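Taken straight from Swiss-Prot:
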{"type": "BINDING", "residues": "Lys22, Asn23", "note": "phosphoenolpyruvate binding site"}
{"type": "BINDING", "residues": "Arg93, Asp305, Ile327", "note": "UDP-N-acetyl-alpha-D-glucosamine binding site"}
{"type": "MOD_RES", "residues": "Cys117", "note": "2-(S-cysteinyl)pyruvic acid O-phosphothioketal"}
{"type": "ACT_SITE", "residues": "Cys117", "note": "active site, proton donor"}
Amino acid sequence: MDKLLLRGNGPLRGELRISGAKNAALPCLAATLLAREPVRLCNIPHLRDITTTLELLSTLGARVLVDGQLGIEVDPRPVHSVVAPYELVKTMRASILVLGPLLARHGSAEVSLPGGCAIGSRPVSVHLSGLQALGAEITVEDGFVKAQAARLRGTRIVMEMVSVTGTENLLMAATLAEGRTILENAAREPEIVDLARCLSAMGARISGAGTSVIEIEGVAELHGAEHSVVPDRIETGTYLVAAAMTGGDICLKRTDAGLLESVLLKLKEAGAEVTTGADTIRIRMKRRPRAVDVRTAPFPAFPTDMQAQFMAMNCIAEGSSVVTETIFENRFMHVSELQRLGADINADGKTAVVRGVQRLRGAPVMATDLRASASLVLAGLVAEGETLIDRIYHLDRGYEVIEEKLSALGADIRRISNTRSVA
């Protein structure tokens, strides 16, 4: 099993291209199942979750072509199966996103209950109750969600909780429903706006994406299209925090500052100089970061996917901070690993108090989920000595060649296959 070895190595400096957003690419890949013609998606990151999704589409019968220019073409016409098997679904929660498209396009779907990061229950009830409101018959048996409907019928759906994947699933299903669907209490994330753009390019009629009320006028069929997914705002934020922690000066290209305003505000509060351009963000940190309080909430508030990274920064910041997680339970699993590096953190329920220390010290640590693993990488960049991070397959699910990108900025980081290669 691969590991990452880091040695604290001073400020990060240089330029970096940001990858396409995994959380935009995954629903767009699922949306290709709705079409009657091939769909081409561009700016797709090379990640484990993307590979798993492509395997799932192929298992369903779709023809998948991958080129060397971050492009993927999916031809859904040969799809012959509506069963998403456990072997693929168990590793990735986003696989539930094929439920709506398969049901809407083929009249039935069987999707194994999903797996993924162990950061809370993330119930699929929002997906199921919404599809039932659209006229689907749904049962859950033998670990599978089984759904059937001759044709879905548009209706008004008030979502019981704000759910990104729930909004995406219902949005996709409603594009082929008969009549108008209104989604209320919908999630507002940029990745949902991007999915709506993709669906609209395929012929869907959607308004209100990016607000809490989305209206979809169902159409008889969707055609082929080409769509480029948005930049990854979480990858962007992660590298910005890395620069802030190391006292660096980096410029990120092919990104969008408008997608992470709450993160940029917190970085400025921490003392960073942030300059934005049309598709660039430059950050310079000339001092030890100031501790900043963080409270996660649905977009446009501070994202839960940046909580662990800011906790890592607060570990070496000047002063004390309070980090509050309101989205998921069990999302402080990185705390004990940061403590192994010398962090002063007291976590209780959904709140953690972080007291900044002068320095962290390297140690063996273990990643528990995607963003927790990112926080350990950030901590390793500033820790004295060597930090060895185990179970980095979590990291590979969401960050494209992170060791190569950080190395290009001057970090001392490398991937190793086993600890025996470290002397």
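Glycine residues also receive a Cβ, built from the backbone N, Cα and C atoms like all the rest.
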Count of other CB atoms lying within 10 Å of the CB belonging to Ile327 (UDP-N-acetyl-alpha-D-glucosamine binding site): 20
Residues satisfying Cβ distance under 8 Å from Asn23 (phosphoenolpyruvate binding site), sequence separation of at least 6: Ala94, Val164, Glu189, Glu191, Asp232, Ile234
Among Lys22, Arg93, the one of these binding-site residues whose Cβ has the fewest neighbouring Cβ atoms within 10 Å: Arg93
Farthest-apart CA atoms of Arg93, Asp305, Ile327, residues recorded for UDP-N-acetyl-alpha-D-glucosamine, distance in Å: 16
Rounded Cα-Cα span from Lys22 (phosphoenolpyruvate binding site) to Asp305 (UDP-N-acetyl-alpha-D-glucosamine binding site), Å: 12
Neighbour tally for Asp305 (UDP-N-acetyl-alpha-D-glucosamine binding site), based on other Cβ positions within 10 Å of its Cβ: 22
Structural state of Ile327 (UDP-N-acetyl-alpha-D-glucosamine binding site), classified by DSSP into three states: coil
Rounded Cα separation (Å) that holds between Arg93 (UDP-N-acetyl-alpha-D-glucosamine binding site) and Lys22 (phosphoenolpyruvate binding site): 13
